[in-house]
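**Student:** One structure follows; several queries about it will come next.
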Amino acid sequence: MVRVVKVWYDNEVSMDILKDKTVAVIGYGSQGEAQAKNMRDSGVHVILGLRPEGNSWKRAQKDGFEVYTIEEATKRADIVHILIPDLVQPKVYKEKIAPYLREGQALGFSHGFNIHYKQIVPPEYVDVIMVAPKSPGRRVREVFLEGFGVPALIAVYQDYTGHAKELALAMAKAIGATRAGVIETTFKDETESDLIGEQLVLVGGLIELIKKGFEVLVELGYPPELAYFEACNEAKLIMDLIYERGFTGMLKAVSDTAKYGGLTVGPKVIDEHVKENMRKYAERVRSGEFAKEWISKADKADEVLKELMKEIEEHEIEKVGRFIRRMSGLEK
């Protein structure tokens, strides 16, 4: 069954609820920097909560922000918007945010992982909301400066004040998202669909599809450079067309030979067996099994990721890719 979603636009949303309120953005990475700058440019009073020893402290000060420790920022804020990595959040929340929360404050997130999987359990006397731009932070900022915005999701997990949705929408407008459109969802749906999309398609699936296509071409005797162009480099051109025009628009833009070959062979390569595998690993997310596995590695996450990344870094496609990027002027 297809569910109808509510979409909110600029002319439907007011930022009045943010007047005289202070938003403390916790973290100054990709999303933290972009959202903090966009909200400030929209007239919101934004402060930052950071680690004094962190590299971002001086950078944020240089960018003109009031910067405090996380504890002090929490005390000063009406909305505490937590934009640090998922596995770091629970410890920071427990030690530096939770002890200083007061009645009527709001906790904000841009991903529902820790709320949905109960790694953070907020007190009942605060609002808990989500404002999740559907683009990397750099793009969130770029599009805002161009006068538009990227689409975003909002959700309410806990509405203590009775104004949680109004607050989430106002924050979405402040980062520019209502210029494009804001979809109302739930913490559960955002978290699970985000993880499933990353694993099956955007990160896991795409890397493996390109890598295996490259390997087949090389194993058949084609030069690695040629294989890279066909399996990887041109993937961006196709994705740009899909992004701008959809599948049908992309197909209209490629040759008839590409159309026929793609439409007849594609479903045989990415067949029902692949879909069954996708469903299997989607269920791991839905059951909480993936979250349990990832959370169990919290203390050694850097080491685990370094080992996994090493396998990719040493693959021939990466060596060839660096050569092609230098040819294209993308790397020095």
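Cβ coordinates are placed from backbone N, Cα and C, and glycine is handled just like the others.
Below are the features I grabbed from Swiss-Prot:
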DOMAIN    5-185  domain 'KARI N-terminal Rossmann'
BINDING   TYR28, GLY29, SER30, GLN31, ARG51, SER56, ASP86, LEU87, VAL88, GLN89, GLY137  NADP(+) binding site
ACT_SITE  HIS111  active site
DOMAIN    186-331  domain 'KARI C-terminal knotted'
BINDING   ASP194, GLU198  Mg(2+) 1 binding site
BINDING   ASP194, GLU230, GLU234  Mg(2+) 2 binding site
BINDING   SER255  substrate binding site
**Student:** Using other CB atoms within 10 angstroms as the count, which residue among the binding-site residues ASP194, GLU198, GLU234 scores least?
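**Tutor:** Comparing Cβ neighbour counts within 10 Å for the binding-site residues ASP194, GLU198, GLU234 gives GLU234.
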**Student:** Count the other Cβ atoms sitting within 10 Å of the Cβ of GLU230 (Mg(2+) 2 binding site), across every protein chain shown.
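**Tutor:** Total other Cβ atoms inside 10 Å, all chains included: 14.
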**Student:** What is the interatomic distance between the Cα atoms of VAL88 (NADP(+) binding site) and HIS111 (active site), given in whole Å?
**Tutor:** 13
**Student:** SER255 (substrate binding site) has how many other Cβ neighbours within 10 Å of its own Cβ?
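**Tutor:** Cβ-Cβ neighbours of SER255 (substrate binding site) within 10 Å number 8.
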**Student:** What is the separation, in Å, between the Cα atoms of the residue listed as 'active site' and ASP194 (Mg(2+) 1 binding site)?
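**Tutor:** On Cα coordinates alone, these residues lie 9 Å apart.
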**Student:** For the domain 'KARI C-terminal knotted' (186-331), what is the mean per-residue pLDDT, to the nearest integer?
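**Tutor:** Summing pLDDT over the domain 'KARI C-terminal knotted' (186-331) and dividing by its length gives 96.
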**Student:** Far apart in sequence but close in space: which same-chain residues, 6 or more away, have a Cβ under 8 Å from ARG51 (NADP(+) binding site)?
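**Tutor:** Those within reach of ARG51 (NADP(+) binding site), by Cβ under 8 Å and sequence separation of 6 or more, are TRP57, THR69, ILE70.
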